[in-house]
Amino acid sequence: MPTNPQTQKTYKPDPRFKIAHKEAKIGIALAIFNFIWWFGFAYGLGNRPPEQYTYTFGLPDWFFYSCVIGFILMSALVIVITKYALTEVSLEPEPDQQKEDSQTP
Amino acid sequence: MNIQVIIPLIIFLLAIFAVGFIASKQMGGKTGFLQEYFLGGRELGGFVLAMTMVATYGSASSFLGGPGTAYTVGFGWILLAMSQVVTGYFVLLILGKKFAILARKYNAITMIDFLKARYNSSAVAILSALAIIIFLFSAMTAQWVGGARLIESLTGLQYTSALFIFAISVLVYVTIGGFRAVALTDAVQGAIMVIGTLILLIGVIIAGGGVPAIMQDLLNENPRLVTPYGADGSLTPAYISSFWILVGVGVVGLPQMAVRAMSYKSSRAMHRALVIGTIVTGFIMLNMHLIGIFARPVLPGIDVGDKVIPLIALEVLPPWLAGVVLAAPMAAIMSTVDSLLLLVSSAIVKDVYINFIKPEATEKRIKQISIGVTALLGTIVFLLALQPPDLLIFLNLFAFGGLEAAFIWPIVLGLYWKYGNKYGAILSMITGIASYIAIHFYNTTNGNLFGVHTVTLPILLSLIAYIIGSLAIQRKAFRF
C-alpha cells in the first residue's frame, strides 16, 4: 500500500492521478466529438437554401440533428461513460483511508 | 402590474429565504469555520453540485439576453447557445478528481489557495485575488442591476425599491448561510429554471398554433431566421464556433466554477453531477432559446431583447403561472449573484486578509470578518448599483472572457503539466487579461479580428505565455 507521499523519500505519483488523467482525456474526447457532431450537422445540412430543408417535429433538419439529437446523444454518452469508464476513488489526502461514502443525498 | 403575478414571486423569495435559513442552521463546526462558510465543508452531493454549477453559470444573459437575441436573429443563436452543453461535463471531467484530491491535500478553500500552493508563490496569489475582486465585483454589480430591472418591470416598483428587495433577499441568506446556503438555494433556483422554461415553452407553442405553424410564420417573414446564419446572414461558422471557447470549454477557467469543483464530498457525487449537469444545462438552454425564437410570430415587434421573456410569459400564460415562470430568470440572476458575492468575499477574507495581513487570526475573529466583509460587500454593491459608474460597466465587459483567459492555463496546466511554474502562471495571467482588453478595443473599432469572438486569441496567447514562461526561466518538474 502506498504511504503518505509527503513522508516518502522517493517521489511516487499518487496512483489515483493516473485515473484522473484518463478521465480528463475522456472529457477532451467527449468535447471534440460533441463539437464535430454539432458543427457537422449544423453547417453540413444548414448550408442548403431554406426551401430545401425538411422538418422533423416541426424543426429544421440541421437544427434537429445538430442540437436536439446532439444533446440527447451527449447526455446518453455521459451516462454510459459515467457508469462504465469512470472509477470511484477516495478523495482524501491519504489514499490509505478508503472511506468512500456510499450514500449521496 | 397584476397582483396575481406578484404573489408567486413573493412566495419564491420567501422559499429562498427559508432554504437559506435552514442551511445556515446546518453549519456545524466540525471542519472549521472557513471551510464551512466558503466551501460548505466539502460535503455537496451530486444533485446539489450539478444544480449549483448550472445555476451559477446560467445568468441574466442566458435567461433574458440570450432568448432576446434568438428572437432577433433566429435559429443561429440557438445553435450558438447549445455549445454550452459541453460545460455540463467538461468542467468536472477536466478539473476532475485530481483537483478535488489536491485541494484537500493542500487544504485549499479557494481557487487561489490552490494556485498559491501549486506555484508556491505569493505573487500568483495576489495577482489572482486582484483579478477576481476587480472583475467579479463588476460582474456582480451588473447582475444586480439586471435583477432589479427585472423586478421593476414585473412589479412596477421604482428601480430603487426593486433593487432594495433584490439586495436584501440575496444578502441575508449569503451572509448568514455561506456556501451551503448558496448551493442549496441554487438547487432550488435551478429546479425553478427547469420547470419554468418547460411551462413557458409549452405555452408559447400552444399560443403559436404548434411548431409547424410557427415555423411557417418564420419562413414567411424571413427564411434566414431558420438557417444557422442569422436573420441578416452575418453569423459565420467561425464566429459561432468561437463561442465554444467563451461559453463552452473556457468556462473551466472561471473561479466560480473551479471552487465548485473542490466542494463535492465523493467521487460518486461528482459522477452524478456529470449526468445531471449535462442534461439540465442542455434542457434549459434549448428550451429558453426556443422560447425566444418561437415568441417572434406570437408577439412581433419587441425592440428590447431583454423584454422578450417577461412579455411573452405575460402574453401566453395565465397571470399566476406567468409569475411562477418569471421566477426562473429571477432565480438565474440570484443564483449567479450569490455565488459571486461569496467568491469575492472569500478572495478578500481568505486570500488577502488571512494570507497576507493576519495569518494568526483567531477562529472567532475570522468568523466576524467573513460575515462582516460579505455584508459590507453586498452593501457597497447595492449602493453602486443605484447608479452604476461607467468604470464598472466597462470592467464588466471583460469579466468572463478576461477571467477565462487569465485563469484557464494556470489552473488546467497547473494540474496536468509538471513543468508549469509560477513564472509561466504570472506571464499567462498578465498576457491573458492585457491581450483581452487590447483585442476588445481592436474588435470594437475594426470588427472581429479573424472573424472570431474576442476571447479566442487571448486564450491562445496566454497558453503560449504559460509555456514560454514555465520553460524559459526555471525548468523543474513539480511533485504533486
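Cβ atoms are placed via backbone N, Cα and C, with glycine included.
Marked as transmembrane segment by TrEMBL: B:6-23 (among others).
Beyond its flanks by at least six residues, the transmembrane segment (B:44-64) meets 81, 84, 87-88, 91-92, 143, 146-147, 150, 182-184, 186-187, 189-191, 193, 251, 254, 256-257, 260, 263-265, 268-277, 280-281, 284-285, 288, 305-306, 308-310, 328-329, 331-333, 335-336, 339 of its own chain at Cβ-Cβ distances under 8 Å. Taken from TrEMBL, the feature transmembrane segment covers B:44-64 (among others).
Per TrEMBL, the feature transmembrane segment maps to B:70-95 (among others).
Marked as transmembrane segment by TrEMBL: B:124-145 (among others).
If you look at the transmembrane segment (B:157-179), the same-chain residues 6 or more away from its ends with a CB under 8 A from one of its CBs are 13, 16-17, 19-21, 23-24, 27, 36-40, 144-145, 147-149, 151, 185, 263, 334, 337-338, 341-342, 370-371, 374-375, 378-379, 381-382, 385-386. If you look up TrEMBL, you'll see B:157-179 (among others) marked as transmembrane segment.
Per TrEMBL, transmembrane segment is recorded for B:191-215 (among others). Using a Cβ-Cβ cut-off under 8 Å and counting only residues 6 or more beyond its ends in the same chain, the transmembrane segment (B:191-215) has close neighbours at 12, 51, 54-55, 58, 63, 226, 280, 283-284, 287-288, 290-291, 294-295, 297-298, 309, 312-313, 315-317, 321, 324-328, 331-332.
The transmembrane segment annotation in TrEMBL covers B:235-254 (among others).
Among the features that TrEMBL reports, transmembrane segment is placed at B:274-295 (among others).
Remote same-chain residues near the transmembrane segment (B:369-386) are listed as 33-34, 37-38, 137, 140-141, 144-145, 148, 160, 163-164, 167, 170-171, 174-176, 178, 341-342, 344-345, 348-349, 353, 361, 392 (criterion: CB distance under 8 Å, separation of at least six residues from the stretch ends). Annotated transmembrane segment per TrEMBL: B:369-386 (among others), in sequence order.
Long-range contacts of the transmembrane segment (B:392-416) within its own chain (CB-CB distance under 8 A, at least 6 residues past either end) are made by residues 94-95, 98-99, 102, 111, 114-115, 118-119, 124, 128, 131-132, 134-139, 141-142, 245-246, 250-255, 258, 384, 424-425, 428-429, 432-433, 435-437, 440, 453-455, 458-459, 461-463, 466, 470. The transmembrane segment annotation in TrEMBL covers B:392-416 (among others).
Among the features that TrEMBL reports, transmembrane segment is placed at B:423-443 (among others).
Within the chain, the transmembrane segment (B:449-473) has long-range Cβ neighbours (under 8 A, six or more residues past its boundaries) at 236, 238-239, 241-243, 245-246, 250, 401-402, 404-406, 408-410, 413, 417, 419-421, 423-433, 435-436, 439-440, 442-443. Sequence annotations record features per position, and here TrEMBL assigns transmembrane segment to B:449-473 (among others).
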Sequence-remote contacts (6 or more beyond its ends) of the transmembrane segment (B:70-95), Cβ cut-off under 8 Å?
50, 53-54, 57, 62, 218, 222, 224-232, 235, 240-241, 243-244, 247-249, 251-252, 257-258, 261, 270, 273-274, 277-282, 285-286, 288-290, 292-293, 295-296, 302, 305, 308, 411-412, 415
Range from B:6-23, B:235-254, B:423-443 with most C-beta pairs under 8 A to the transmembrane segment (B:124-145):
B:423-443
